[in-house]
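Chemist: Just passing along the structure, written as structure tokens.
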Amino acid sequence: MEIHLNRVDYIQVGVTSQKTMRLLPAVGKKATQKVAVADHDGVLTCFGMKKGEAVPVFKTLPGQKITRLDLGGAAGTPQEKIFVCSASQVRGFTKKGKQFLTFEANLTESINAMHVSGADLFVCASYIYNHYCDCKDQHYYLSGDKINDITCLSSENLTRFVPILACQDRVLRVLRGSELAYDVEVPGPPSLLELYNKDGGEEILYGTTDGKIGLVHIGESSASTKWEIDNDKKKGGILCIDTYDIVDDGVNDLLVGRDDGTVEVYGFDSASEPTLRFEHVLSESITSIQGGCVGKESYDEILTTTYTGWVTGLTTEPQKAEAGPGDEIKMSKEVQSKVEALRSELEQLQVKVLQGREQYQQTSQSSTAVSAVPVFSINDKFTLCQDDASYTLMLEVQTAIDNLLLQSDVPIDLLDVDKNSAVVSFSECDSEQPNGNFLLATYRCQANTTRLELKVRSIEGQYGTLQAYITPRLQPKTCQVRQYQIKPLSLHQRTHSIDQERPMNRLSLVGQFSFAEIHSWVVFCLPEVPEKTPAGESIAFYFHNTFLGTQLEATYCKGEGHFKSDNISTISILSDVLSKEATKRKINLNVSYDINDDSVSHTLKMIHPKLEYQLMLARKVQLIDALKELQVHEGTADFLIPEYRNILDESNNLLVEYKKQPAHLERLYGMITDLFIDKFKFKGQNVKTKVSSLLEILDNYDLNSLLDFFNEA
């Protein structure tokens, strides 16, 4: 069934956080609902629609940034009390705007997730979970990794409240009181949780930062996954989810908002599997999504809030006028008065802008002038993409971006991004200088660009800092800097387990170091490791290399660390970096290795399909120009063998793919060269003089010849 929805912009508030907009329950069936939305200015706004105009019900005074909003109320009554949290404080408001609760949770960190159920309040800071009943402490839990969201189940089949935490380490933690009952592994870092059935039940929806969605059934002692939606089309991460019957077929549909501005509606067929029914793209990330009736009674709609605070509806109400070329648009009196009101408002704003500019010019030229730097918010995300082993840098600003300067002190490649319309230019760098640059690139943005997405690929073993200088279209000109660490093993990603049957190399460290010290070294080396030192006396982390598919196990405690990998180069990088970090702190390390020669041929066989494919792609691309010339000269391509005709037919796709992956072949050559040098480094031999012979073999690549060269060298 096709869905037709029309966009309507209602109001704009300040910059918003995730899950800070809710619809209050309707008074009657299909009646319009009030909207509660909170922003970074600390303002809670509640409004309703009347004759096509947004009419405020109440608006609070500015204060500290509001990070979450939830609805609550006594069990069995309409959930129409509004709860907001800012810093470590939770406040409650009635639907008329009267404040009835101020509760100080006394947490050392700001609350970033909240759930309200009757008299029970569940809040989370970065690693801490607290449960309060009637504002009295009930339960407490310290998580092993950062908590992104919380929800709580209650149903007839469950004997108690079941709080569930969405944690950064790709795990949903199910609690029993102050203890961990069990955990549920999910395919990516979960960014949010939502109840599948708002009236109760044991099923929860989760969304991940890499764009996957799933439904999990939570039991007393175990959980089962009902379905998962993969992110095959490489869309943005999930920021918000809601369930609402927008199709009006008696089954709740799934409403999804992503950080690339995509709004999706998934319907359910007879097999209870979600299928995409509708998609609409806004220009900013979607921080909240709700299904309900807002603009006009009896017309359902999807209400969204964007990062910069736009409250936008996608409504089933048909658009008033559809005129063809040369037709006169007949407007109702209601629409005419609205257009006139907008015109007069626009004129007033233009006058205000002119007055403001004149006032600024006068004050800036006076002898007592003080320069005031305009403050602007930036929403940024730097994440490793598993599919193509690259980092995605997403930058979103509350006002239009003028330009962006990227500077890196380590070698990185910039990859093409289809969504990116900015013009990029590169500056020459002198990487030989101390603190020299390997990359200086400027992106000049088109007017009204508030969101920019870039892709970079790093080289393992080369570590440093990538800096982004963001300049918006503001006067006076101002700039903010964001820093992103490129770690020594930057292409490794956390995983739940590894294959112990592979041939493994081992690195062992023994020395006078504390658990916190060795943990800080591992944080320095590897991404996705929590900065907080884990509870307990020892810890084990598992990783896989997103580029090659090799793996790493890190197990350590006070005075001891053990690292296992099927890639000898990973062990070599870890050995160099950990020794350097220990030397900085004047700690003596006893380092021992156990090298498995079979691991080298195993790694080469893992590189083989990638290398073969890239060599084939490079050869095909080299032939394209010559084949096109032959085709033009002969007037036809029928005389060519099928392989060459196929290259001509696919030439556009081949060129696009080749352009998307610059230096891919050089990277693979570099990895094989490093593997060769590292193999013999552990045997105490320097084979750098034989690298030229290795490169000759790679130019005439054959896997068996390469394996023989590694064994004979």
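Glycine residues also receive a Cβ, built from the backbone N, Cα and C atoms like all the rest.
These came from TrEMBL, pasted as-is:
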{"type": "DOMAIN", "residues": "21-316", "note": "domain 'BBS7 beta-propeller'"}
{"type": "COILED", "residues": "332-359", "note": "coiled coil"}
{"type": "DOMAIN", "residues": "374-484", "note": "domain 'BBS7 GAE'"}
{"type": "DOMAIN", "residues": "492-594", "note": "domain 'BBS7 platform'"}
{"type": "DOMAIN", "residues": "597-710", "note": "domain 'BBS7 helical hairpin'"}
Chemist: I'm checking region-level scores; what's the whole-number mean pLDDT for the domain 'BBS7 helical hairpin' (597-710)?
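Modeler: That stretch averages a pLDDT of 84.
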Chemist: Counting Cβ pairs under 8 Å to the domain 'BBS7 GAE' (374-484), which of 21-316, 492-594, 597-710 comes out on top?
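Modeler: Per the Cβ count, the answer is 21-316.
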Chemist: Over the span of the domain 'BBS7 platform' (492-594), count residues by DSSP class, listing helix, strand and coil in order.
Modeler: 28 helix, 38 strand, 37 coil
Chemist: With helix taken as DSSP H, G or I, strand as E or B and everything else coil, how many residues of the domain 'BBS7 helical hairpin' (597-710) land in each class?
Modeler: 93 helix, 0 strand, 21 coil
